[in-house]
Amino acid sequence: MDEAALEPTLVQTLAVSTAKGGRYLSLSPSFQRCSLASWIKENIKKKECCFYVEDGREGICKCGYPKVQHCDEAIKPEDYMGEQWDKHRHVRETPTDAFGDISFGGLGQKTGKYVRVSSDTSCENLYQLMTEQWKLRSPNLLISVTGGAKNFYIKTHLKDKFRRGLIKVAQTTGAWILTGGTHAGVMKHVGMAVRDYTLSSGSMEGQIVVIGVAPWGVIHNRSTLIHPEGRFPAYYSLDEQGQGRLSCLDINHTHFLLVDDGTQGHYGVEIELRARLEKLISKLSLGNRESGVTIPVVCVVLDGGPGTLNTIYNSMLNHTPCVVLEGSGRLADVIAHVASVPVSKVTMALINRLLKRFFMQEYKNFTELQIIEWTKKIQDILRMPHLLTVFRIDEDKNYDVDVAILQALLKASRSDEHAGRHCWERQLELAVAWNRVDIAESEIFTEESQWTSSDLHPAMFSALVGDKPEFVRLLLENGVCVREFLEREETLCELYSHLPSCFFLRKLAKRVQGGKMRRGQEPLPGSRKVCLSHVSEEVRHLLGSFTQPLYIASRYKPTKDDVRLKVPSKGALDLPCSGEEWSADTVWDPGRDLFLWAVVQNNRELAEIGWEQCRDCIAAALAASKILRKLAQESGEDDSEEATEMLELANHYEKQAIGVFSECHSWDAQRAQKLLIRISPSWGRSTCLWLALEAHDKSFIAHSGVQALLTQIWCGELSVDNPHWKVLLCMIFFPLIYTGFLTFRRDEDIQRQAERTEQQKLAMESVFAGQSDGKIKRHLRGFSQKSELKPLNCSSRLMSFLKSPQVKFYWNIASYFGFLWLFAVVLMIDFQTSPSWRELLLYVWLTSLVCEEIRQLYHDFDGSGFRRKAKMYIKDLWNILDVLSIVLFIAGLICRLQASDTVFYIGKVILCIDFIIFCLRLMAIFSISRTLGPKIIIVRRMMLDLFFFMFLLSIWVVAYGVAKQGILIENEERLNWIIRGAVYEPYITIFGNFPTNIDNTLFDISSCSVNASDPLKPKCPMLNADNTPVFPEWLTIMMLCVYLLFANILLLNLLIAIFNYTFQEVQDNTDTIWKFQRYELIKEYHSRPALPPPFILLSHLILFIRGVFLRDLPQRHKNFRQELEQTEEEELLSWEAYMKDNYLASTRQDESQSVEHRIHDTAEKVGAMSELLEREQEMVSATMAKRLARLEEQVSESAKALRWIIDALKSQGCKSKVQPPLMRSKSSDRDDGDSSGQETDDEEAPHMFARQLQYPDSTVRRFPVPEEKVSWEVNFSPYQPPVYNQQDSSESDTSALDKHRNPGGRTGIRGKGALNTLGPNHILHPIFTRWRDAEHKVLEFLAVWEDAEKRWALLGGPAQPDEPLAQVLERILGKKLNEKTKTLLKAGEEVYKGYVDDSRNTDNAWVETSIITLHCDKNTPLMADLNHMVESSLSSHQPLQWREVSSDACRCSYQREALRQIAHHHNTYF
């Protein structure tokens, strides 16, 4: 099968991930109910009686239902007249009429789902109902809880442990709990455990699934559940008082399967269906994967009676492990007391005493035959110790029931026939599925198991995909190598295909299908392939185009086997990968791949583990911050909650980067600064500094170590310790730089090197002490020549001084002030019709500024490309001001050069406004100042707030202005006066310029124009006959008061509050914000030419000539990007990793010393101490009760002995007719289960397989034969075995059977059974052996698989007593092989001959065998034929296989003994 076909698709991942979060496709509830009802009616049936026959009670049928509940056909049947009532014939199936949601009411409004099902319902349909219709996730474990169906007492401590452990194992493993479903006995305890968990958790997420399988005919108030179309919901009331012999459903179960066999009042009708359902689930693959690991099933037993014993017995025969809780009562205590006793000591007398002790009043109902059967079944149970686990609270083990359950499953798994590496891998996969790290640490990763990294890869993949970070960490601690795990490209592709539902997954799906998917649209059926080029393109989009793709074509080249994703297309289309040739400098870092996979899904714990595996940890943390902030920005509209979580995780990794960098900076500042500017091949050849700037990690940039680097870059080759006044003085009189007045960094390096050289010289002198002075001088001279630094010459000092960004900045400040001074002079003094020399100089100056802006636009500082550079340029506010000022200047210049006086004046006005913008540009220059810079940031923030305030204010201004203008003035047509009256006057009113035209007392007709004829006067308001205004004076004054109340008081105070909030917000972080924005200015002046405007034109001319004609553009400076040699790179990263480990260790230590951690630790210790004292008290009480019971029994026996002595004395020396009582020995005391040690039988039990209760391939049950009654010499009067012959036989009469008696003893059945003849039935086993290797270290034998017994066995066949050996071998092996084995027969040796414990044996027929060993050489023709026979048998139901001769190779005792003798004969290990 094509590998790609097995790989999961993205749409499946989306569906599963959504299901994990409890989200399903949004369908209306009515549609879901209709769909459920339709499916149930089609697939689920109920049973009803179709033949009414009274059972002796009036109006009651044999089925238990009253006559009124029978249909007319059942009351008057025509087909069954005269027949006896038979449940199998007179009960029919019809569509069920009881299903839906069940509501129990009360506190919390508990609800569940229920359905009435026929007892013959297909288990496949039931499982489909639960998983597809009820939307239950497939279980990772099935816990079948069985025991007492009636209420019973259980100790408080044991009850708490059971409830806590059951919920814990179900919660952590994702298990289903299966019970009887009624509100009584053990089912009630399970329900109470679920209730306690629900109340404590307070949420429906991670709901425990508890499925009750109850008989429909015994449910009280079941009529409320019946409706042909289903009830949504059905209101069910718990009525324990009126239930009588019936039972109520438990209100704390989540789902109910109500099994209907057509009868009423009969318990146990659900047992068969429940067993079939458990068997079906146990055969399903764990996690719906084809890994060969099936869903494990465990049986938990509390209390219990005869029905529970049958359940345990049958479960263990089906290889289901059982956990018995000692102290829960009755059957559970009986089994617990004999669990540590040898089977040979478990007698009928012991079982009789235990039943009397634990069943008390119920013991009277036990018959002798029942005690015999109980003894036999308990003996068989004890013979399967790998499937039996007893949980005792009085043992010195402080763990709950959950650990006992999981340990029982692992113990059963270890005893599997396929033990070995496969067994360990299965156990590990189970532990991963259960998410139980504690079990894996204690039971799997032990000294017995040796794991390689490749062995743990499947578990690692499951843990990563299943979001189990603790398991991932455990696997890494136990040898998983991330490099080996991610070595194959397909592994990483599969990880991305298994991403849970997240924003990145939707973006990736959109990219795979070419961007045609709309927002919110889920991928639809159809398939395209995903390869790491898709991931690389998406990650590059998130990181920024300044980075290179993370996955190069040579490392991860997409192939035809790439993982498939579902996209909406009609067929399978191959999406070609990007054809871009990626840089070969990009390296493969598996830790980075794992970290990146966890980050994009916003998984904090897995990302933390991946980050710890990264080589370049600071760059990784900063890159994660950038990716997460970008994802949060893009997903904000879709999922604000997810965006918030992403921002929190981004802040976390910014803190991690700060922490590691602080650790590095405290140890070595120079190496730490080198980490900031080194090019990181793992992260797209970016730098830590640039990643932090792109991610807007202000706190990281504000770190003292980063600021020290920026200050160093700012000063250039000058020392950072130079005072500003020295720099300014040298700018005025530059020859001072040659006098030592100004310190250069080279001078400081020389001084430091001289100090180090002096120290090393002293060390070398001490090393070469005693040698000649000439030799010491030669060593010192050679050392000095290797490490000597030369001081800067005069020209280098001058160029270094001029190229310093700090000096450039000061020159540009002076130049800009000169420009503004010249601009102001021209505008105010020298703005003539013909341009003067000052104005011409201004134009030249502006030209230099324009050229510099063009250079900045095209200067690709980080190599990200012109498009990105242009976008960044436009986004900068200061660049916008620069462009605006230049455009306005050009516009003003064009108008100024016109001949028209009007246009000339307009040009001057434009230039004056432009001067304002140039002055505002000064704020950017002074942002470098530590004092003014933060204030400029505050002003910028307040300007943004002012825009929002003006929007609110404009509403009131326009509202009041239009209303006032309309009231006062009639039909004003002059636009300028309309705007003045409706906008301007209301606006200036806010600042205290109150209008006079709204008050009649201040009205002056001379101040206005009546007909609006005077353009310089406003129009008069409407006048009456005496030339006074007619508007209502009270209204305009009231409007003014209300307007001033809202505009002048409310809104202005709101503006003050907004400004105050902005000031406080920025002021708290003003230093951080200033340090972050300081970088932009440093970067600008670092790349700026040395000459200030207007002399900068010379620099621009040189750059133009070099770029256009010489094609020799200057390289980007190494102060911001530095490529390290490979050796230096490895050393630096190793040092960084060491610093990271120090930081993480200190962080963990700080957390452990925190107050919260100490309080939590103290609370845990107090709880453990309280539990220990409580358990100790219960242990003392239980021990005391046992001692008192034993003392009472011994006193009673002593009294009997004394009575016998008295009777003997009375007889005057004659023997007393009364036998002396037998005193109990220590061994009998131990029979009561007080033995603490686990004992085993010294010898094998007599034919154990021949006494199995169920005879193979039949419905016949043997008579139970306890071990003590096996021997024919022992009297067993109740023994009445059935007679069974699979084939008709005339030898079934008693006389013929008595002629043959099984030498092994009683078997519980008479006749031939499935054997051919009475008496011995002979079988011959030829054992072919060979050496696996040339060193003769491993001996192998030819084995055959017995499908019925599910085990490997020896090759063999039937033989007649007097039949020649060659003839038997010919029938077993064939004629060809038989001819080639004749020579081996001479050297063959008979290693065993005698009785065989076979499950087909009876009292009168049994199996005897003869085993012969035949050793083959590896290069003989016979060996070739045998190997061919093995290969050809693989497809048959009885395959052959060469297996190692070992103690676990065969299960049968006689075959195991034969293999032991063969191993001893060949001197090899067994």
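Numbering starts at 1 and runs along the chain as it is shown here.
Just so it is clear, glycine is given a Cβ too, placed from its N, Cα and C backbone atoms.
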Task: Second cysteine of the disulfide that Swiss-Prot assigns to CYS1008, among CYS1020, CYS1041 - done: CYS1020
- [ ] Given the candidates ASN365, ASN793, ASN1011, specify the residue that Swiss-Prot annotates with N-linked glycosylation site.
- [x] ASN1011
TODO: Answer yes or no as to whether Swiss-Prot lists ALA870 and CYS1416 within the same topological domain, that is, on the same side of the membrane.
DONE: yes
- [ ] Given that Swiss-Prot annotates GLU853, GLN856, GLU1084 as Ca(2+)-binding, name the residue from ASN879, ASN1069 that shares the site.
- [x] ASN879
- [ ] Kindly point out which candidate in TYR236, TYR267 is recorded by Swiss-Prot as part of the ADP-D-ribose 1 site with ARG274, GLY305, PRO306, GLY307, THR308, ARG330.
- [x] TYR267
TODO: May I ask for the residues of the chain that lie six or more residues beyond the transmembrane segment (1035-1059) and have a Cβ under 8 Å from a Cβ within it?
DONE: 942, 945-946, 948-949, 952-953, 956-957, 960, 963-964, 967-968, 986, 989-990, 994-995, 998-999
TODO: By CA-CA distance, flag whichever of GLY305, PRO306, GLY307, THR308, ASN1011 among the recorded positions is nearest to CYS1020 (disulfide bond).
DONE: ASN1011
Open item on the list: Using Cβ atoms and a strict cutoff of less than 8 Å, what residues sit near the transmembrane segment (942-968) while being 6 or more residues removed from its termini?
Closed with: 978, 981-983, 985-987, 990, 995, 997-998, 1021, 1029, 1031-1032, 1035-1036, 1039-1040, 1043, 1046-1047, 1051, 1054-1055, 1058-1059, 1062-1063
Open item on the list: Can you work out which residues elsewhere in the same chain, 6+ from the ends of the transmembrane segment (837-857), have a Cβ less than 8 Å from its Cβ atoms?
Closed with: 819, 822-823, 825-826, 830-831, 869-870, 873, 879, 882-883, 886, 889, 893, 1084, 1088-1089, 1093-1097, 1100, 1103
TODO: Go through the chain and flag residues at least 6 beyond the ends of the topological domain 'Extracellular' (898-905) whose CB is under 8 A from any CB in it; none is fine as an answer.
DONE: 833
Open item on the list: Can you break down the topological domain 'Extracellular' (969-977) into helix, strand and coil residue counts using DSSP?
Closed with: 3 helix, 0 strand, 6 coil
Open item on the list: With Cβ-Cβ distance below 8 Å and at least 6 positions apart along the chain, what are the contacts of ARG274 (ADP-D-ribose 1 binding site)? List them in sequence order.
Closed with: SER144, LEU178, VAL213, VAL259
Open item on the list: Please count the residues of the topological domain 'Cytoplasmic' (1060-1087) that DSSP assigns to helix (H, G, I), strand (E, B) and coil.
Closed with: 27 helix, 0 strand, 1 coil
- [ ] Between the Cα atoms of CYS1008 (disulfide bond) and THR308 (ADP-D-ribose 1 binding site), find the distance and write it as a whole number of Å.
- [x] 109
Open item on the list: Please report the Cα separation of ARG330 (ADP-D-ribose 1 binding site) and ASN1011 (N-linked glycosylation site) in Å, rounded to an integer.
Closed with: 114
- [ ] Would you kindly list the residues that approach the topological domain 'Extracellular' (830-836) from elsewhere in its chain, counting only those six or more residues past its ends and only Cβ-Cβ distances under 8 Å?
- [x] 843, 904, 908
